[in-house]
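Participant: Provided herewith is a single structure, encoded as structure tokens, for subsequent inquiry.
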Amino acid sequence: MPGAHKFQRTERGAEPVEDMEMYSDEDLEGGFEDVEDAEDDVVDAEPDDVTERVPSTSSHYAIPSNEEIHGLKETSDLYMNNVFKLQLDEMRKHMPPSATHKPAMDDFLRHVQQCLVAIEAIEPQPLSAAIRALERRVGCRVHVPFAEPVPRGDPAYAIGFEAPRTLHLVGSWPLQTAVRRPGDMDVDVEAVMPSTLFQEKDTLNARYFTKRAFYLAVLAAHLRQEKHDVSYAFVGGDRRRACVVLRPKALSKLRAVVRIHLAHEPGLFPVARLAPDRNNLRGAAVGASEQDTHALPPTPMYNTCIAADSLRLAHLVYLNATSEMCAGFREACQLLKIWAAQRGFGALLLHGDAKHVARRTLAGTDDARFVLSMLLAHLLHGDPKGSRTRTSKLSAGMSSVQLFRGVLEFLARHSFSTPVWMKAQPRFGLAASDLAPAAFAVCERVLVEPSGCVNLLAHWPASSVDMLQHEAMQSMHMLSDGDDHFADLFLVPHDVPLQRFDEVATLRLVKTTTPAVPCMDAGHAALWAVHRTLQVSAQALGQRAWCVAICTPTSVIHPIDEPLDQPPVVELGVGLRAEHAWHQVEHGPPPESDDAPTFRAFWGDVAELRRFRDGRVLESVVWPVASLAQRYALPRRILRHALTHHVCAKRIRFAGDALATGYTDIPGALASRAYAQDPGVHGFQLVQSAYDTLARELRAMDELPLSVIGVSPTSAALRHMSVFAPGPIRLAELGHDVPDVASYLPVHDVLITLESSGQWPDDLAAIQAMKAALYERMADVLSRRIPGAYARVAYDDDMAKDREAIHDHVALQLVLPAGFAFSLRIHHDREQVLLHRLLSDAHVRPRAQAALTRYDTRFVHAPAHHAALSALQDRHAALAPTVRLVRRWFGAQLLLGHVGPETLDLLCAAVFLTNAHAVPATGLHGFVRVLTLLAHWDWREVPLLLPLENATRLAHQRKAALSDGGLSALPSERAPTFPAAQRADAEQHFRAMRARDPAYRHYTWVVATEHDTDAKAWMHAAPSAMVADGVRQLARRAALALEHDALHAMPALFAPAYDAYDFVVHIRPSVHVRYAEALAPEARHWLEPKRKKYANDEVLRPSVYGSELRPGFDPVGAFVRMLKTLYGDTFTLFYDEFGGTAIGGLWNAAYTKPHAFKVWLSHSARPHAKDAVVLNKPAILAEIKRLGQGIVERIDTI
């Protein structure tokens, strides 16, 4: 065969073994690792004796060749940008394995061939006698990898062994489609079992698989005698597709294993007996009588396993001929393998590789790389004559990237629920069979290979095929949006369940009483449980989920001398539809319909008959919820009920349960004392209702000289994005029944726009005075219009001492009797004009610039930010929970004071506005995506471009379409794109920033939008370079911990490492007004430690702060701000504003070293040696303790 490697057999007088040729039903996985370490393996293809030709000067002006013109056009039309092409060209150099290891591998394969053909025969005899004969020969116990049904006793047929007379070296090794990958590379050898060992009726009741398992055990036992590292591997976990794995010690640098597959001669069994709609499991083997044979269900997977064992060589010839026909075929296959492997399609062989232990494979997709190669060949050869489907044929002259895109485009548009038939290829041994198309109707997804005998997707669950289609569609969006998605396509793994699904459950599949034929058709009870779990989960969730998939650990090898009955642990991933996921009522059929008994049987005791308002009487399931947390947990509750009822899965653990309580809610005992209504039950509706009431009253005021024409919120709580939902605090109980630790009253910012008037002064200081007067008048009016309201004029902490303050520094604080506080500020656009004028005056320019920055932040950027995020929240319900979790995580890691909340909002929005992955539908999924973004974002080299304005416009269009009923007219659900002109402008600004500030002293994270291409709006809220690097390291560790075990890693994820700081200031929890927001508040800090007379007799500690209303009062936060003001150049503080009881500090490294003394040092110093001084740490810490008297408990130095 062309291109096949040949190994000659020189055995004792036996017939020559046919040439070993290459094929694999599982090609190699993509992905790259240790590329730098492997550079020395790359062989220079240039001859050493070639003299370098120096081009002449005229060659610089030569007319471009056709190849160059084609390359330029391909770059502009196909790659979308030059960077993608350059990255792809660089990756091409590292995709294939090094050719330097080929001779050593060939030598090892010849050795394996000699071992296999030298095995002595075992005469046909009963199974137990054959196993004993084998064990006597090898001198040890042998475990035979029997498939279901496992033979009990000796079957009524003889088992024997003869050395393989035909060996083929198969797989991607000689086909030159192998790629480097995580784990071990596969080099496959096919051993064809002699036909004399089989009978025509061996297709029945696993007779073929029993003989096959014994044959494989003989090969494994004899190879182990040759001192090889031998083990079993099962393709897709199916023992009917078992193979022997050899690990050559001499080829450890290549990181390859040799897999020995078994095959039978083509034509050994009639094709009609192996049709997918035939049953080959019958009689006593499945507990059925002979009369029930015709009523038994078909066994498509069972039949496919037998038929596929004879087609490997023919498929190899077909693929090899296709590669010779199309020059780009091999490289396109490599690109498809890399793409699929990074998305969990196809198994990995990880032998003690802890680096990739979290990698997962979608159930049933172990042969994904082979399927994709066959699909590409199908698209090149075209549909068979008379086919109902009309597939666009790919041209053999296309480049590898064009072929890659062609396959993705086909996958994105075709779900395989409509069967795909590949054209017969008689010249390659793939002549069309006589099977009717109706024979494949029993399969959910169908891709029939050229012989017409085997459905290549027979072992794939429908959900895994749907995930392949979804990933292809997502990738096509990436290839079309103009962004640089090269890393997302080929380099970054996307197979971690938490990164791709909204809900993830870990469950152990257990053996149970199952239908015999379906279980045996699946190959094993655990494999049947996988299919059953998917069916039950999809039926239970219905329209709530767009996908339900099972992820399994990467291929596990089994020692040949150990049993194989360990029940598997799998992960169930669910992609939710946000518009349906949290509906509380499941509508079923009418009670008189034929489907009603099925509905009641499926749901069990939770099903009930209900009458609805429209008069319908339906079978229904109602899921009552008592809080927002319970509502968000509704899909988990439904799945747990269905799986426990139907699959008997044990130990179902949802990753989302780790975030059910405690992270964004205060303890119920404190909430009942502090709030009139529990915000954990009502969420943000309470504060939103209070704001609506206030807005109505403001617009209705006619006692002011100017009417209120606009009221705009800017508070995070009023877009549902504050970490804690504000509760209506019991104002009358402050200092009494409301403990000090829960007495914090947050203030929500609101902007007011008054009607235009020429009476405003044209002086900035006078405008501030005018605002103060208006606030006084508004306080009086609102106090009368809202009985019980408390209003006062409040000045900013940093207000200038003089009367000529030109910046906005005064507001109206209003506490409503409902228990919410607001801060009202008047927006007067004339201030901006006057501040711009002052910038031309050098004497006041610094003050004017600071005032203008504050004005823009408060009155321009903040309302625009709030409006955009609110629109996105309406479109993506998971955005707010994501923001809340991300803020909580930054707070718990003591970093929130160094990263502005608005910057975090934009980072969270970024994961909802990208084509790189599915849009999250839960807060946990969004949180993990943000951690992944932070872990991989190279902020020094790449700006984050956020199409916020485009996304907002699309969100408004969708909302309008929903109200008008015209949703179908909207464009496809792809992420908004950043306009090309603004992109170029933003990239130019980024390059200019880096040129001006190469040390990253002023510019670190650059987050740009269409209207903020220079990223100046929230630049002041970006972290320092030190903090940015720390965030990246923390995100990497957090993402890694979540990949391994999200449920147990979550508490550690929110626990700061205090040993990383130079000193830690501990706060007294009992005087911390926000201690209720801590991750694990202890009751002893608000209850008296006295012995209680009765169990429910809890006595609060005496109040320190009394009953006076103090909106926004946070003494610990004020203490931290004071320390930053006094010692900003001496140390850096890190603090969790959400009830944190420890403040971490890092000394300025420049001051801790001996340095020269000089007048007016900015820090406290003590003599060190001669004229040198060092930082006086004890004195500074003592002063901190003195300043924090009553708040500071102790200070620890580390």
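Every residue, even glycine, has its Cβ placed from backbone N, Cα and C.
As annotated by TrEMBL, compositional bias 'Acidic residues' applies to 16-31. According to TrEMBL, the domain 'Nrap protein' annotation covers 187-324, 329-492, 497-647, 677-873, 876-1046, 1059-1195. Residues or ranges marked as region 'Disordered' in TrEMBL: 1-31.
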Participant: Between the stretches 677-873, 876-1046, 1059-1195, which wins on the count of C-beta pairs under 8 angstroms to the domain 'Nrap protein' (329-492)?
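Facilitator: Checked against 677-873, 876-1046, 1059-1195; highest Cβ contact count belongs to 876-1046.
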Participant: Where DSSP helix means H, G or I and strand means E or B, what are the helix, strand and coil counts for the domain 'Nrap protein' (187-324)?
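Facilitator: Counting residues per DSSP class in the domain 'Nrap protein' (187-324), I get 71 helix, 26 strand, 41 coil.
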Participant: DSSP says what for the domain 'Nrap protein' (1059-1195): how many helix, strand, coil residues?
Facilitator: 39 helix, 33 strand, 65 coil
Participant: Where, among 187-324, 677-873, 876-1046, 1059-1195, do we find the most CB pairs under 8 A to the domain 'Nrap protein' (497-647)?
Facilitator: 187-324
Participant: So what's the average pLDDT for the domain 'Nrap protein' (1059-1195)?
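Facilitator: Averaged over the domain 'Nrap protein' (1059-1195), per-residue pLDDT gives 90.
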